[in-house]
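K.L.:
Checked TrEMBL, it gives:
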DISULFID  CYS230-CYS273  disulfide bond
DISULFID  CYS259-CYS286  disulfide bond
DOMAIN    45-95  domain 'WAP'
DOMAIN    96-159  domain 'Sushi'
DOMAIN    172-227  domain 'Sushi'
DOMAIN    228-288  domain 'Sushi'
TRANSMEM  24-47  transmembrane segment
Amino acid sequence: MCCSNFRESDEHERILGVEANKGAIAVMVVIVCVCVCVCVCVCVCGMTKGSCPERLLGEERKRTCSRPCKADKDCGNKRQCLCDGHCGLSCVAPGRTCPWPLPPSENSAARLLSPKPIFSALLEVRCEPGFTLPSGLDVTIRRCQGDRQWSGDEPICTGGFQLFPASLLVPSCCPLPDEVINTFSIQGDATVGTSIRYSCLADTVGSSENYCQENQTWQYPHPICKKVYCQPPKEVEQGYVVAVQKTEYEVGFEIHYLCKKNFLLDGPQTVTCLSNGSWSAPPPYCRARCLIPAERSRVVIGGVKRWPFDVTDGMVPHGENVMFYCKHPHKQCGFTAAQACFDGKLQPPACYLEPTWFQYKLFPHRLVSEIEACESGDVE
Ligand SMILES: *[C@@H]1O[C@H](CO)[C@@H](O)[C@H](O)[C@H]1NC(C)=O
Ligand SMILES: *[C@@H]1O[C@H](CO)[C@@H](O)[C@H](O)[C@H]1NC(C)=O
C-alpha cells in the first residue's frame, strides 16, 4: 500500500481501493472479535476494573508482565499505570517501542496503523492473497505491549494457491515519508527490489539513487536538498576576474577572465559554477610576451622573415615560435632552429650566434640569416 503515494493508473487505484475495503472489513471483523472476547471475559469473570481486564495468570503466554498497579502513584516517576492487554493495569513506560520495521515475512505484509511503534500502537498483519492465518482470517491486529513485544503469536500465513493472477498482487514497497515526497521529484515506485531516483525540486543538488530492499527498507538514507554555492574564484596574476565580488556564487553563475595589456590568456575565458560546487575549469594564466633575443640577424616569425627591430616592441606573444638562423659548422650556409616563447622566456637556440656590430654594419650580406640556405641533406 505504500505505493499509493504515487499517481498510478486508474485501474491500479481501483484495485488498491478494493484491497483497502477488504482490509477495512477484515479489520472490523477482528475488532468485533476482540470486543466479543473482552465482553465474554468481562461477563464470565466479572472482575474487571473499568475497561481493562484483570491480569489473568497463565494467560501471559510467552510475555512478561510489568508490576501490577491501580494508579500512576503505584509506579515510579518514569512509568504510568496503563492497561496492558492480558497483563491488566501495569506500570509501563509509554514511550517504549516495539520492533519496527519487522523482518520480512514470506506470505504476509505488516503495516503500522499508528503513527509510531510505541506502547499500545496497532499493527496490521495481512496475508498475501490466497494465504490465511490459523484463525481462518487473512488479517490480524497486534498491539505493542509494555514488554516491547507485539501481542499475540507470530502470525503465520499458510495456504499458497493463488486467487489472483500475479499482476494483480499489491507489491511490497519501501516507505517514503511525506517530507521526502515534498522535497524531491522521485522516479520509480518504491517497490521492493527496484531503485528510485531523486531530483531536488527546489534549486539544486543533482539527483541520486536509492534501492528498496527485500525487507522494505532503503539501502541508503534519503538525500538532502540544499543550496550549493561555489567559492570565490582564484585571482589570476596579471589578469582580472570580471564578476561582482561575492562571498559565494550560485550554480550557473559565470565569471570571465581578462589579462592585462600584452599578456595572453592561457586557459578558459569563462568559467561556470557547477551543481557540485566546483567551477567548470581551473582559472587560466596570463602569459607574458617574450623579447626576441636577436638584434643583428633576421628571424622567421609566423612564416615571415623579418628584422627584430621591425617587430612591434621587438617582442612576440606567448606560444609563438621563432626561427633563428644558425651557421653550418663546416659549410658556408645557414639553417633555421626554432624556439618557442613561454610566458616571457625565449632562449636563442645553442647554435645561434649574435653577429657583431662590425659584421652587421660592414658585411650585412654575409650575415648567417642572409647567406644561402643549406641543402636539406647538409643538416642532420
Ligand atoms: C534490511 O536488509 C538490509 C540488507 O539485507 C540490512 O542491512 C538491514 O539491516 C535490514 N534492516 C532491517 C531493519 O531489518
Ligand atoms: C564536479 O563535477 C565535474 C563535472 O561533472 C567534475 O569534473 C568535478 O570533478 C566535480 N567536482 C567535485 C569536487 O566533485
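Positions of Cβ are set from backbone N, Cα and C atoms, glycine also.
Any TrEMBL annotation is an automated prediction that lacks curation.
A quick note: this is a predicted structure, and the numbers were derived from the prediction, not measured.
Describe the structural context of these features.
P.N.:
Counting only residues at least six positions away in the same chain, the Cβ atoms of TYR229, CYS230, TYR249, GLU250, VAL251, GLY252, PHE253, GLU254, TRP279, SER280 sit under 8 Å from the Cβ of CYS273 (disulfide bond).
For CYS286 (disulfide bond), the same-chain residues that are 6 or more apart in sequence and have a Cβ closer than 8 Å to its Cβ are VAL236, GLU237, GLN238, GLY239, CYS259, LYS260, PHE263, LEU264, LEU265, ASP266.
Residues of the domain 'Sushi' (96-159) grouped by DSSP class, helix first, strand second and coil last, total 0 helix, 24 strand, 40 coil.
Break the domain 'Sushi' (172-227) down by DSSP state and the numbers are 6 helix, 18 strand, 32 coil.
Regional average pLDDT for the domain 'Sushi' (228-288) in the model is 91.
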